[in-house]
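Visitor: I have a structure I would like to understand better, so I am pasting it below and will then ask my questions one at a time.
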Amino acid sequence: MVTPALQMKKPKQFCRRMGQKKQRPARAGQPHSSSDAAQAPAEQPHSSSDAAQAPCPRERCLGPPTTPGPYRSIYFSSPKGHLTRLGLEFFDQPAVPLARAFLGQVLVRRLPNGTELRGRIVETEAYLGPEDEAAHSRGGRQTPRNRGMFMKPGTLYVYIIYGMYFCMNISSQGDGACVLLRALEPLEGLETMRQLRSTLRKGTASRVLKDRELCSGPSKLCQALAINKSFDQRDLAQDEAVWLERGPLEPSEPAVVAAARVGVGHAGEWARKPLRFYVRGSPWVSVVDRVAEQDTQA
């Protein structure tokens, strides 16, 4: 029979043996000792208000966060470590290569209460400036409304359509050239996005939006991220409320479809040019072009 005194000594002997080369095996009839493992806590076309969510703790919101959200895409590999904020050198390229380069990057929006929303870009459109009959800057036309298109690369150009919806563009290299963001794959803050979308929807506000409906269109993504006219002419490389992070992996060339832009039928031959780019097979894309997909594969 083992006395209580001996029972009390067993843990001390075990603790002293920890860190030595090898533990002595238990004698026959005596159970092996074990330690508890600590577990981590569970955790449209080129042609607004912030969510009332309980604020999360804010330390110092001076720069972009360095950790991605919990959502993992099946169309891109998972992040390996921290994501990097993209600066002027990324945006300073012509509209077409920039529109392609946007695919796979992560757009981040920090709300006033500290909540951060993230979405991976899966669809864009390039607008080439004065020569492009579908661009707001066609013919070199510059107005207070489209001034962001003529500012340095990385400047936001946000305009309103139908008197109530917003579209978000980013200026590129070349006067009057820019890239329209058409669709995102939601990554982080989906419930806040859903709340923002529902607040601004008409008629069907009672229907719960599916994840793939949150950001599948230029105005939808602006609603989901609370992007409005106040963001016009902001610098995406410097702003503290909205920025771009480098995605873990850009889609390979065969995965990128080049198709005609949407809603620019008035632009003659420019309406048919393949200046819209999207990730093949992504359910978050706003408009799928099967003919263009076949041409891309050929």
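Glycine is treated like the rest: Cβ placed from N, Cα and C.
According to Swiss-Prot:
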REGION    1-65  region 'Disordered'
TRANSIT   1-17  transit peptide
COMPBIAS  9-25  compositional bias 'Basic residues'
MOD_RES   Ser78  phosphoserine
MOD_RES   Ser252  phosphoserine
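I'd like to know what surrounds each of these features in this structure.
Guide: The Cβ of Ser252 (phosphoserine) has 8 other Cβ atoms within 10 Å, all protein chains considered.
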Visitor: For Ser252 (phosphoserine), which DSSP three-state class applies?
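Guide: In the DSSP reduction, Ser252 (phosphoserine) maps to coil.
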